[in-house]
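> As listed in Swiss-Prot for this protein:
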type: ACT_SITE; residues: D1369; note: active site, proton acceptor
type: COMPBIAS; residues: 1045-1057; note: compositional bias 'Polar residues'
type: COMPBIAS; residues: 1066-1087; note: compositional bias 'Polar residues'
type: DOMAIN; residues: 1243-1508; note: domain 'Protein kinase'
type: MOD_RES; residues: A2; note: N-acetylalanine
type: MOD_RES; residues: S275; note: phosphoserine
type: MOD_RES; residues: T285; note: phosphothreonine
type: MOD_RES; residues: S297; note: phosphoserine
type: MOD_RES; residues: S300; note: phosphoserine
type: MOD_RES; residues: S507; note: phosphoserine
type: MOD_RES; residues: S531; note: phosphoserine
type: MOD_RES; residues: S923; note: phosphoserine
type: MOD_RES; residues: S1018; note: phosphoserine
type: MOD_RES; residues: S1043; note: phosphoserine
type: MOD_RES; residues: T1400; note: phosphothreonine
type: MOD_RES; residues: T1412; note: phosphothreonine
Amino acid sequence: MAAAAGNRASSSGFPGARATSPEAGGGGGALKASSAPAAAAGLLREAGSGGRERADWRRRQLRKVRSVELDQLPEQPLFLAASPPASSTSPSPEPADAAGSGTGFQPVAVPPPHGAASRGGAHLTESVAAPDSGASSPAAAEPGEKRAPAAEPSPAAAPAGREMENKETLKGLHKMDDRPEERMIREKLKATCMPAWKHEWLERRNRRGPVVVKPIPVKGDGSEMNHLAAESPGEVQASAASPASKGRRSPSPGNSPSGRTVKSESPGVRRKRVSPVPFQSGRITPPRRAPSPDGFSPYSPEETNRRVNKVMRARLYLLQQIGPNSFLIGGDSPDNKYRVFIGPQNCSCARGTFCIHLLFVMLRVFQLEPSDPMLWRKTLKNFEVESLFQKYHSRRSSRIKAPSRNTIQKFVSRMSNSHTLSSSSTSTSSSENSIKDEEEQMCPICLLGMLDEESLTVCEDGCRNKLHHHCMSIWAEECRRNREPLICPLCRSKWRSHDFYSHELSSPVDSPSSLRAAQQQTVQQQPLAGSRRNQESNFNLTHYGTQQIPPAYKDLAEPWIQVFGMELVGCLFSRNWNVREMALRRLSHDVSGALLLANGESTGNSGGSSGSSPSGGATSGSSQTSISGDVVEACCSVLSMVCADPVYKVYVAALKTLRAMLVYTPCHSLAERIKLQRLLQPVVDTILVKCADANSRTSQLSISTLLELCKGQAGELAVGREILKAGSIGIGGVDYVLNCILGNQTESNNWQELLGRLCLIDRLLLEFPAEFYPHIVSTDVSQAEPVEIRYKKLLSLLTFALQSIDNSHSMVGKLSRRIYLSSARMVTTVPHVFSKLLEMLSVSSSTHFTRMRRRLMAIADEVEIAEAIQLGVEDTLDGQQDSFLQASVPNNYLETTENSSPECTVHLEKTGKGLCATKLSASSEDISERLASISVGPSSSTTTTTTTTEQPKPMVQTKGRPHSQCLNSSPLSHHSQLMFPALSTPSSSTPSVPAGTATDVSKHRLQGFIPCRIPSASPQTQRKFSLQFHRNCPENKDSDKLSPVFTQSRPLPSSNIHRPKPSRPTPGNTSKQGDPSKNSMTLDLNSSSKCDDSFGCSSNSSNAVIPSDETVFTPVEEKCRLDVNTELNSSIEDLLEASMPSSDTTVTFKSEVAVLSPEKAENDDTYKDDVNHNQKCKEKMEAEEEEALAIAMAMSASQDALPIVPQLQVENGEDIIIIQQDTPETLPGHTKAKQPYREDTEWLKGQQIGLGAFSSCYQAQDVGTGTLMAVKQVTYVRNTSSEQEEVVEALREEIRMMSHLNHPNIIRMLGATCEKSNYNLFIEWMAGGSVAHLLSKYGAFKESVVINYTEQLLRGLSYLHENQIIHRDVKGANLLIDSTGQRLRIADFGAAARLASKGTGAGEFQGQLLGTIAFMAPEVLRGQQYGRSCDVWSVGCAIIEMACAKPPWNAEKHSNHLALIFKIASATTAPSIPSHLSPGLRDVALRCLELQPQDRPPSRELLKHPVFRTTW
């Protein structure tokens, strides 16, 4: 019995059974039972009731704690319950051993904190014995399951418990006498010493399930397990199923015969000696700090999922960590970079909370789950931020370590099937390696998975990690822009691969044979090609790697590869648009070089260079022609595909390649022309589809490209234009483009092709009227061609448009009908053609055809030609060949009603020689002088011959559709034309065709006809031209007689020459209608004075104006002199005075594609001409500067009226400050209030918009008038009376000074009051806020905005300095912007700075001063004498602030204002200027930031700088 008891005690669950045995420590060998009889005897002697009571108390405490805390846990831990005691009369020792394990103490194995578990060391896991794998009883497996009461202790077991308690406490286990509350406090104290990342790590480890402790099996064959199963099959089966049911843990290696050590299930973590807390019931994570609030998504579940999915697909890239809590995120474009700040949870994109860049960081960089509440918190606490970055850095550092050893081990073990790895290593690879493998399969730049089919690259010398090839190219571009060597974004080791960041030229050996000679030749002909080729040759495609060509394009690309090489062609199919653009630039370079070489163009040593080259034979004879033909054919085939690219920059590059090909391609014979036309046909078809692109820039550029093609040899796409002595015959001009439009019959369901062709037709009719309306240009009247044949081009286009009138696509139908009606209006003076258009409408009886016919008849009635059409006037015109040149409108048509618009009829009557188009009433100079004062309004309707316009529809201002088509003519017509001077910008004009190339102009067409729709341009542009007219208006009576009747009050030049509706109505539309008697004007040009030179009669560039179906006419002022001081009467015009002209937004071929021609061989006289031309350059520049300054001063001379608040008005001579009644009489000299104006009564204070030293600024509203104001409240109360007097005096000075200032760029004051202890300064409301506020909200300004604001700032400072006022505090926070964003006003005239210098408390103004110090001049900070130049220095600092959205000197990084003062005061150089500024603006900033005050120019002189003149 004693032996049995001793054996039971030695093999029981008591931790003390092994702890007391010297052989039992740590090794886990077989227990020796030599002391078992003595131990059993001691236990029996001490048996009594005390053991049972103590066991009952412990049981109650455990049950109490469990009942409180078990329900709070996400999953219930496993308790190791013992089996019921067996009978002492067991037939064999083995059942006795099994029964011995079922003592009354029921030891509990509580999973320890994961941070405390490790592979070695004494702990609870070693001291608490349990059955083998799966034998633990799930005491808390189900929350609602009632626990079975613990087995009653046997009498033999109780003394054993007493003896255990009397011995020393076991290692790592508290005495059971400790109160649970004390242990709870002890654990909480321990938790406060644990870092936040440790909590997160423990919590993550805890999710994997509790630790199941494995004992040392008594026998290696597991017989004890079998007997336990026989004793309590229910419990054993349930406990064995519990770990498997959780699915969190892999089976323990303890079951294997080799597993002879007791190890916990938390591998790889150092073990701590932490006391187990049985009452915590598995709660491992100590109490945490409260998380941040607002952890819920502000969007609906659907919207939340949509945003998350969008972020997970977004093409965003993690460029680098730029601060402790911030990342730099980039897009596909190297210019799109954003700073994301974690903690404040904001982003520099300023797109509001939870922008895509912030979510990218949270979801893909930090790898939060979409359901994580931290994702949707507006701010994160410091410990949460630290936790996120800790995880992020641990993930990155795990990848930086050289190739994953666990991965290697896994492969080795898989291949060798060896069992050399320890059980802990195996479990590590099963749990941690899966995570690490997932990390290694993720690109560290885009944070997305890497697939096998994607193009990947690898860090060869460093971490050996794989990355996306595309992502690495973006990282390489970032390194290049920062002028840094290319390094691995993970391990920072130097990138060995030359796939990226390479600038060497490719070797000619690698190039295809047809281009090899061209590449070698162009190296030596750089002087010929000019700087453009020198720059463009510095790119290479090798760093993009070999791109895969899609299988569907293999056959198509085969001939391209033979000509251009696999490398270039492969890049054309890249998914990265940057690669495609670079490939096209390379293609343009190669094509132009090959064509130049084939044409024998070089610097003169081409023979020697080609002879020494490997492909020298390719430069002679027919081989050149074959090379040229192959290159052109392959290039056209490529362009037909790439011109359909949806990316705008790639499309521009394609058009540049088209131009490079055409200008270097000769075309001398008709056969060559036909071949070139055939090759270009697919390219033109692709561009035609682009004419209807949804992107307005793309559509405008496409139309402009085809118009350049229509210009033939006079356009930018002239064939052989850059070849010396080419003599190319051209490709056909308008006729060729017409053939492309009409040649391929597009299906009616392909609306893109139809709409693109119609858009081009619409513009063709405007740009080339002489091609489609022969009556516009006077041709030889003796020609015998019938009218219908002369109009065959127009009829073919209208037939094409007529087919689409009933199209189901609304835009196609509308545009077709508009083209038809517009053309019908143009031919009203030619009844033959007009009747033909009516006949064409008779082919169908559909609704649209019927309606169009009615509208044409209405037009005929309007111009009174309906009867002539019905009577068949074509057959009764007395055989006059030029009858269509006659006016077919009665004289009474010139009379206008009040609603009608002015018309103009120009009579060119016949003389004995016929139509006297070459004989004018005065010399051409006289006519030019007379017409100098006549400008073209948006709807002038003068035609070139005896032509009158129909009466247009009544003016509809609400639609804002003043369509006008002005046509710039060149001196190529054979007859002089009386038109108005052209006011179009240079981009809308066409160079005159030289006499030598006039033969290319078929049918005496005017090549220079360029219609210019005149939309509402900026008032700044308007004033420029009005001033020009003011200077050019002749001082004689004739000019008064010729005062412009059709002129708008503000001429509106623009190159915006497309027909769609303008964005806003022309300002002149709101003018009053002129007197009807003055709205008709007839210029009778019969005279005896002759002008026989047909080319000399029209010396000025002039305009023919073609009315459309929606033409709107605008009357004008009677006088051509404009008073600039009274001209501005609209706040919008005043605010837009310095904005960029609207024409800058128009995209044309010249602005986007055309480049300067290579330098031609200069004549010997060139140098002399240059010297003569530049002799008076200085005088000319000075005159221009004075003119610019005069314009600037004149433009800023007037401004809007200031709102009036009655209670703030004072009589003349009275003080501006009105003292309220309840204010003490301690402030003499102020005006007593006649009407009270008190806060919260007569005016209401709104939100705070600014905070100063002793002042605060609020939005306010006047109750009586509703006027919005800004009120600056300044308290004047100080500690001493002397200080208070100084403050009051300074405030009075500022208020009185502001009351006398009146300038458009100076803030204006509505009034001031003194109420109680405050001065209230009421100033005008500037809704845009300060420049600093806009910079913080929207980021740095574009350069055009910086120039606009800088100019207005200089105007305001110039006004202040002329009035002997120094601002001393010019900075972004004191520059206010109005609601339009166009008007800048200077505010805060230094009172705060003076107050701050009066001796205030330490640090009281540190924040305000810190913002001011960065803008202060060095001499001011040094305490030296200063003057107006200190404001000029601040202007330079403001330019830096506006250009890069942060103050100069990196002031935001200085927390100590004294250090910043010392830095500026001791500076020997100016603050750094952003490198992206243009040379002009950079020069202005450098002038402002001269260290010596005397070297800085005055603000008035700076206004003369050319950077401000270019915007006029």
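A Cβ is built for glycine as well, from the same backbone N, Cα and C atoms used for every other residue.
What you are looking at is a predicted structure, and each value in this text was computed from that prediction instead of being measured.
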> These are the modified residues: S297, S300, T1412. Which one scores highest on other Cβ atoms within 10 Å?
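Of the modified residues S297, S300, T1412, the most buried by Cβ count within 10 Å is T1412.
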> Including all protein chains displayed, how many Cβ atoms other than that of D1369 (active site, proton acceptor) lie within 10 Å of its Cβ?
24
> Which whole-number value in Å describes the distance between the Cα atoms of S300 (phosphoserine) and T1412 (phosphothreonine)?
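That separation, Cα to Cα, works out to 45 Å.
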> Per DSSP, S297 (phosphoserine) is which: helix, strand or coil?
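In three-state terms, S297 (phosphoserine) counts as coil.
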> At the level of the C-alpha atoms, what whole-angstrom distance separates S297 (phosphoserine) and the residue listed as 'active site, proton acceptor'?
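Cα to Cα, S297 (phosphoserine) and the residue listed as 'active site, proton acceptor' are separated by 44 Å.
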> Roughly how many Å lie between the Cα atoms of T1412 (phosphothreonine) and D1369 (active site, proton acceptor), rounded to a whole value?
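T1412 (phosphothreonine) to D1369 (active site, proton acceptor), Cα-Cα distance: 7 Å.
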> Could you tell me the mean pLDDT the prediction assigns to the domain 'Protein kinase' (1243-1508)?
84
